[in-house]
Amino acid sequence: MTVKLDFEECLKDSPRFRASIELVETEVSELETRLEKLLKLGSCLLESGQHYLAAGRAFVVGICDLARLGPPEPMMAECLEKFTVSLNHKLDSHAELLDATQHTLQQQIQTLVKEGLRGFREARRDFWRGAENLEAALTHNAEVPRRRVQEAEEAGTALRTARAGYRSRALDYALQVNVIEDKRKFDIMEFVLRLVEAQATYFQQGHEELNRLAQYRKELGTQLHNLVLNSARQKRDMEQRHVLLKQKELGGEEPEPSLKEGPSGLVMEGHLFKRASNAFKTWSRRWFTIQNNQLVYQKKYKDPVTVVVDDLRLCTVKLCPDSERRFCFEVVSTSKSCFLQADSERLLQLWVSAVQSSIASAFSQAHLENSPRGPGQVSGYHAPGSAATLACGGAARGRESGGVGQVAAQVQSVDGNAQCCDCREPAPEWASINLGVTLCIQCSGIHRSLGVHFSKVRSLTLDSWEPELVKLMCELGNVIINQIYEARVEAMAVKKPGPSCSRQEKEAWIHAKYVEKKFLTKLPEIRGRRGGRGPPRGHPPVPPKPPIRPHSGIVRSKSECPSDDMGSLHPGALLFQAAGHPPSLPTMADALAHGADVNWVNVGQGNATPLIRATAANSLLACEFLLQNGANVNQADSAGRGPLHHATILGHTGLACLFLKRGADLGARDTEGRDPLTIAMETTNADIVTLLRLAKMREAEAAQGQAGDETYLDIFRDFSLMASDDPEKLSRRSHDLHTL
């Protein structure tokens with residue numbers, strides 16, 4: 001304990017004691033002033049803190065309001081929710097800090113001012129009152145004359161009483177001064193300590209809250225970076241679009257109505273003037289839409305649509321050249337007619353054409369819905385690899401007979417296909433279309449992870465299937481492919497995984513089987529053991545028509561090498577020979593498994609490829625198999641003729657249709673400067689001419705941004721089905737048309 005006033009000096013009442021008293025009183029007075037100032041500053045701090053809390057909570061509410069603006073965005077909603085919750089937690093911690101600060105001020109500083117200093121002031125007042133009494137007693141005692149004995153005794157008694165009172169009060173004052181000195185130190189240090197502890201708690205809570213969001217903040221930063229990049233790209237695209245539209249506007253070009261093909265039929269939108277049916281015949285501008293086989297209009301977006309024609313099949317459209325206003329046309333239904341006006345002659349023609357096309361589309365759709373299915377339609381048709389000539393205007397819709405379940409039943413009926421090719425799980429519902437095998441769902445996922453250069457996976461029940469692809473799957477199958485890829489499994493004593501094996505075991509097996517090809521044997525051994533394969537189980541191919549000229553460079557359909565010598569060929573040559581007449585799909589699969597280049601060039605045969613050789617053999621399945629395994633549909637021979645040229649020269653309509661679906665180049669010319677259409681016209685093959693012209697028309701429409709007609713796809717579907725199910729009929733048809 002610090003002793004500011006010595007008790008001995010206090011009893012002596014020396015000048016040193018009085019000087020100490022004055023110094024202590026000055027210090028205590030200064031302490032009181034500063035403590036009162038600190039209390040005022042603390043009040044201001046607490047008041048400002050409360051204002052900060054109120055403003056912070058209002059700010060958080062404002063952030064929450066941003067999430068309610070516009071359509072909901074999951075990413076922004078999650079971000080705002082997480083951060084507003086975090087901000088609220090921080091504000092709660094700040095409120096706790098303010099409460100702790102206020103409590104500390106009241107408990108330490110305010111108590112010190114009100115209680116500690118009050119006792120000091122009372123002791124000081126008593127001390128100085130005793131000092132004054134002592135001073136008066138001393139003065140009176142000193143002034144009493146010697147002759148006044150009685151008065152002198154009374155003065156002495158009063159002096160002793162005053163001195164005793166003074167000393168008692170002086171000791172009390174000294175004690176109070178010493179106590180207040182220590183209390184000042186303790187209370188101030190405790191106040192600061194509690195304040196710092198409250199601050200530490202506040203910042204620790206904030207640190208924990210930030211740590212809780214650390215991972216999310218990192219992920220959000222990455223997402224925002226990607227969003228900024230995408231936004232920059234979109235901004236650049238919009239600026240380019242803006243420049244183009246501005247140039248178009250400066251060029252005086254009029255805006256075109258929106259024209260597109262959707263799931264509900266042909267759709268066209270744009271502004272037209274409509275003549276009222278009242279007596280005034282007023283004209284008003286409205287937004288018209290052709291959709292769902294209806295013609296409707298509305299004034300504002302929120303207004304309900306008004307139906308002009310409920311069913312486009314029950315109306316017609318005609319021009320109004322006699323009308324007083326220009327660019328008018330009339331839509332006439334069974335119950336009423338509607339006069340409409342476009343902004344220009346070109347827009348008039350577009351609208352009339354759109355209405356006519358919509359009427360035709362409505363009739364076509366009704367016909368397709370009511371028409372019975374043909375018995376030969378065993379599968380859906382979908383051309384995932386179609387060229388631009390077929391792909392524009394939407395993907396081809398599948399044509400199915402009895403549903404895609406019939407495809408699964410047909411493929412699974414092949415010997416060995418009722419079980420998964422790799423793990424023997426029953427009833428597989430997936431397939432690898434370039435390998436020709438069926439797979440369970442787990443093995444199909446592993447095959448998909450290998451990449452399409454190893455395996456192209458398709459569902460037997462969920463996807464649409466081309467008829468030629470279904471026949472290809474039935475021609476190959478698990479037994480044949482496993483004879484190739486598992487030829488040495490027994491000799492190597494390798495255990496094949498079963499249905500109950502883990503995914504890791506199946507994945508290791510599939511990787512070793514198809515990627516590393518550990519179980520393949522040498523070509524001569526495979527050929528000797530399996531003995532090759534005769535003609536496919538489909539219809540025998542029709543003998544090819546002779547080429548246009550003897551030096552045309554067409555690959556001869558007759559095999560140049562005896563079958564006994566095929567085992568000695570390298571894989572590319574083996575693939576080439578196996579694609580000839582009659583093609584052997586197992587041998588082709590064998591060659592591809594041993595690394596044959598699907599686009600291998602036979603220099604001795606005029607740079608012909610296996611696909612060109614299969615074309616000469618008129619084998620739809622061989623061509624489909626090669627295309628599924630990456631054959632180039634536009635690779636030409638030394639005469640500059642690709643597969644489409646050869647199919648056209650030989651009159652193989654089904655193959656020409658297949659190559660067009662797979663993106664064959666319509667404008668490719670041979671060394672004589674002839675494209676496929678020129679050759680087809682020279683050979684007077686009407687079917688191929690029709691296909692080529694339809695493809696060219698579709699290509700031209702796609703270049704102009706127009707949606708195509710379903711007629712194109714219907715014709716290609718019909719030719720595909722005919723080539724797959726009845727190739728002899730297609731050949732006779734081509735021959736009959738050729739001889740007319």
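Using the three backbone atoms N, Cα and C, a Cβ is placed for every residue, glycine included.
Note that the coordinates shown come from a computational prediction; the quantities given were computed from them, not determined experimentally.
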*For the record in Swiss-Prot, which of the ranges 60-83, 420-443 is the zinc finger one?*
420-443
*the repeat 'ANK 1' (606-635) - residue tally per DSSP class, helix then strand then coil*: 16 helix, 1 strand, 13 coil
_Integer mean pLDDT for the region 'Prevents interaction with ITGB1 when S-554 is not phosphorylated' (525-566)_ = 38
*Three-state composition of the repeat 'ANK 2' (639-668), taking helix and strand from DSSP*: 17 helix, 0 strand, 13 coil
